[in-house]
2 protein chains.
Amino acid sequence: MDLQFLGTSSGVPTKSRNVSATAVIEASGKHWYLVDCGEGTQHQLLRSSLSVRDLRAIFITHVHGDHCFGLPGLLASAAMGGRSEPLDLILPTALHAWVRLALSASDTHLPYPLRLLPVEQMAPWQSAQVQVSAVPLSHRVPSVGFVFTELNPEPRLDVQRLVAEGIPRGPLWGHLAKGLTVEHAGQRLEACDYLKASRPPRRVIVCGDNDNPGLLAEVARDVDVLVHEATYTQPIVERNGNSFGHSTAAAVAQFAETAGVRNLVLTHFSARYQADPKRSPCIDDVREEAQKYYCGHLTLARDLQRYRIGRDGYLLPVMA
Amino acid sequence: MDLQFLGTSSGVPTKSRNVSATAVIEASGKHWYLVDCGEGTQHQLLRSSLSVRDLRAIFITHVHGDHCFGLPGLLASAAMGGRSEPLDLILPTALHAWVRLALSASDTHLPYPLRLLPVEQMAPWQSAQVQVSAVPLSHRVPSVGFVFTELNPEPRLDVQRLVAEGIPRGPLWGHLAKGLTVEHAGQRLEACDYLKASRPPRRVIVCGDNDNPGLLAEVARDVDVLVHEATYTQPIVERNGNSFGHSTAAAVAQFAETAGVRNLVLTHFSARYQADPKRSPCIDDVREEAQKYYCGHLTLARDLQRYRIGRDGYLLPVMA
């Protein structure tokens, strides 16, 4: 699974960071999923290799505008782009009427089926490639993280079983390898029974806003990648006397270290953190604060950067 | 009055053009007005010298999403930026509930008064500097153009009147010149009675989508600048057999020529028109088609470009 960040700023866009949106891309590289959809997400897609035609589902972590105001435009542009595939949109119930009103009031007609599902009663959602479940977080409004788990990654023929059942090597094996159902000795053989994952499934968690990383203790066990907000650094929260329901880099780093998270990605940075290291506060302050508490593989998300979990299990930038 | 284009693409954003939004800036250079607010308008503002704090009012021409989906984000970011000045938002009644629901569902609280006014029953709106009225156009949904007329531009003391009324030259004149009320010979003198425009007021029309430029015949008389969509060129409409309620460059140019429009600005170009003149169709096709029919001062709007009406009455780009 790859990750591509379409927005890494908190609350408001800046010149170099848009508001929240994260693409989770199947290992096949084709279909993908979107977590949050701040205003301008469709604009960011124009600057990526992702197409809204290949988008399988959208997941919204919470109701705040910087996480969802890009929905109407994305849905309308997908329509104008001729999308016909169904699209699932999993989001807080409080936003359902707003999305529907955006489409009806603007006279927007979608040529594809759009299914709105409530995140609050979300049963694990799944496609052929991934299962997605929600984990409750703590913020000023209800917020969740989404746990992506690969299903049957890189399936290979279960040769042991085929041989044991006396299914002859040849065209039958080839058809099963392609996922087709075959007949043999008067019996129907389903491909899924003869294909098994050739590596363990990856697990990635992409969180919404959250001031209590400890809520992830259970789901973060053995996770490959944890994507979590680090809106502030400690000195800023101390000066403001308020974290507004957000986490500091320190708090997330401490949690990730304790939980043994292999790859931690921080995102959703307050617009006050400058890119220029000569200015203060700057984004390096966030990195330095996290590194004090976390010895694992740390990444500070950058807009439009795509990352891949390598064979060694570490998340690395994919060169364009 | 200056004009700055924040979005000049029709329907969907492209890499070089955002969806519709046009800033009309007072001659003083401080306060400004926004016509339409497609998604990403607030992002474009980050790349301009305009501040949402100085925005006086927003006017929306029609309900289509590429003209209004940027409203929730702009309003929320103005709140986060600490705006306290009231803001008037003049828009189709069909969008009022959607704007209100965007704010309430996303738990967005505005620290400034927001007044929603229906464009359908719009009385001329005015600030100290401009009056704005609406003119009905023709599109797939109700659409209007907004006519901006300067009020009392660059006021100077009416010396003739002051002398005739025997008001002595000196501090009294100075106070009146500053717009203050003064007392003289037991009478209150209001500055507005002793200040008069030192040049004729400018008039600028910024139109929404429209397939019948002739509807502007009356208001376009003696207008300084007409900003009108030219979504297509004639060959494209002929090939498609449908203009989708839009105008061709030819139709707008013919109208502007007949009406004697001094400055015609075309905008809202279909995303198919490429910037690269070696590709077809390209934006030069739009210019060439318009020039066949219009001999006045023609401008094809470009994103983020600011234009000014010079002393000679012609609209020219302002160098950054």
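Every residue gets a Cβ built from N, Cα and C, even glycine.
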Name the one residue among A:HIS109, A:HIS268 that TrEMBL lists for the same Zn(2+) 2 site as A:ASP66, A:HIS67, A:ASP209.
A:HIS268
Co-listed Zn(2+) 1-binding residue [TrEMBL; alongside A:HIS62, A:HIS64, A:ASP209] among A:HIS139, A:HIS175:
A:HIS139
Run through the Cβ atoms and count how many others sit within 10 Å of the one on A:HIS139 (Zn(2+) 1 binding site).
22
Quick check: with A:HIS62, A:HIS64, A:HIS139, A:ASP209 left out, which same-chain residues have Cβ atoms within 8 Å of the centroid of the Zn(2+) 1 site Cβ atoms?
A:THR61, A:VAL63, A:HIS67, A:ARG140, A:VAL141, A:SER143, A:GLY208, A:ASN210, A:GLY245
For the binding-site residues A:HIS62, A:HIS64, A:HIS139, A:ASP209, A:HIS268, which residues show a Cβ-Cβ distance under 8 Å to chain B?
A:HIS64
What's the CA-CA gap between A:HIS64 (Zn(2+) 1 binding site) and A:HIS268 (Zn(2+) 2 binding site) in angstrom, rounded?
13
Cβ-Cβ neighbours of A:ASP209 (Zn(2+) 1 binding site) (radius 10 Å):
29
Looking at the recorded positions A:HIS62, A:ASP66, A:HIS139, whose Cα is closest in space to that of A:HIS268 (Zn(2+) 2 binding site)?
A:ASP66
Provide, as an integer number of angstrom, the distance between the C-alpha atoms of A:HIS139 (Zn(2+) 1 binding site) and A:HIS67 (Zn(2+) 2 binding site).
13
